[in-house]
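S.K.: Sharing the features that Swiss-Prot gives for it:
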COMPBIAS  378-387  compositional bias 'Polar residues'
DISULFID  Cys189-Cys241  disulfide bond
DISULFID  Cys301-Cys318  disulfide bond
REGION    236-285  region 'Interaction with ITPR1'
REGION    360-387  region 'Disordered'
MOTIF     403-406  motif 'Prevents secretion from ER'
SIGNAL    1-29  signal peptide
Amino acid sequence: MIPGIFLSLPDLRCSLLLLVTWVFTPVTAEIISLDTENIDDILNNADVALVNFYADWCRFSQMLHPIFEEASNVIKEEYPNANQVVFARVDCDQHSDIAQRYRISKYPTLKLFRNGMMMKREYRGQRSVKALADYIRQQKSDPIQELHDLAEITTPDRSKRNIIGYFEQKDSENYRVFERVANILHDDCAFLAAFGVVSKPERYSGDNIVYKPPGHSAPDMVYLGSMTNFDGTYNWIQDKCVPLVREITFENGEELTEEGLPFLILFHMKEDTESLEIFQNEVARQLISEKGTINFLHADCDKFRHPLLHIQKTPADCPVIAIDSFRHMYVFGDFRDVLIPGKLKQFVFDLHSGKLHREFHHGPDPTDTAPGEEVQDVASSPPESSFQKLAPSEYRYTLLRDRDEL
């Protein structure tokens, strides 16, 4: 008989305890602290990175720390490979240069990176373990819908901006570039792809990418650049996915106000697409050079009744054009005047020159008075900004500075 090895009862209990502890101890993910030495290397090598820009003295940052760490633990179990998902943090007091690099204006700020590229939209959702984990799962999901039938190609949802890629095979550099762009812009466009036999009728000149704009009247547009050139492909698709005139909603209002640019807004009824099309065309014709100085937006009159009341309007008055400078609101006048060449452009120029603000307080400038007409100093008070209320809240963030307003 072969002698066995027997453990004493205390030793057996200890071994079982260690085994149970080993089996049931959850994976603990490390929150990587970023500094000037490691930030580029870590972010560039991460498929997805969620970075918490914080300050220790900020109470909202203190409240987020344990939630952020627990969310990291949850995600680490689902994506165990080192570079699949990275949770990282930056102490903005210790590394003010990094905070300035990413224009951090409030604590905490949660920014998403893909392969080192910062995404335009930061995380603004609920600060809970579940919400953060769900957000990362969404970011890791496939942003491209694969088409399996020609009927799907010919009948996409035309209420959306559709980017459709036609490829001979999925395992190709053309598709990898397309997929990389889709990961970045999937919030702005619907991305679809077809391969092989399904896509063959659309590949008469090789792999290609087609933009199908909303509606049924606008023609499709084909990308004519190199499909292996990421910058060229990204710039072309971004131009199609992010319109010159964007819709403002309660969901994206905080993001738009934080861009810091005044709003030129068309208030219109949702079903009134004609006024929106006129406004879009005139903005493109008259104001394309002002793209970096003002945000061009349109808003649903029914949803934004309160801002309309601020300028003594109701949905029955729509369409209405106004400027919100984050200090005051100014009304354009008769919507039909937008078709007068240069009229809309002058309205925006008068904002930048201070004329709108000046005339609201002191009446028309002397140069605008007809010859022989008596000049009267008619003081008035323009309505206060309504959209500044959508800006980041002091009940959710520590705001670092007040925006200089017009």
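Counting begins at 1 with the first residue displayed.
From the backbone N, Cα and C atoms, a Cβ is placed for every residue, glycine too.
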S.K.: Helix, strand, coil: count each for the residues of the region 'Interaction with ITPR1' (236-285), based on DSSP.
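M.R.: Helix/strand/coil tally for the region 'Interaction with ITPR1' (236-285): 25 helix, 9 strand, 16 coil.
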S.K.: How far is it from Cys318 (disulfide bond) to Cys241 (disulfide bond), counting Cα to Cα, in Å?
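M.R.: Cα to Cα, Cys318 (disulfide bond) and Cys241 (disulfide bond) are separated by 27 Å.
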S.K.: List the residues of the same chain that sit at least 6 positions away from Cys301 (disulfide bond) in sequence and have their Cβ under 8 Å from its Cβ, in sequence order, or write 'none'.
M.R.: Phe267, His268, Met269, Lys270, Leu308, Pro315, Cys318, Val320
S.K.: Inside 10 Å of the Cβ of Cys241 (disulfide bond), count up the other Cβ atoms and send me the figure.
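M.R.: For Cys241 (disulfide bond), the count of other Cβ atoms within 10 Å is 20.
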S.K.: Looking only at the region 'Interaction with ITPR1' (236-285), report the model's average pLDDT.
M.R.: 94
S.K.: Measuring CB to CB from Cys189 (disulfide bond), give everything in the same chain under 8 Å that is also at least six residues away in sequence.
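M.R.: Non-local contacts for Cys189 (disulfide bond): Lys160, Arg161, Asn162, Ile163, Ile237, Lys240, Cys241.
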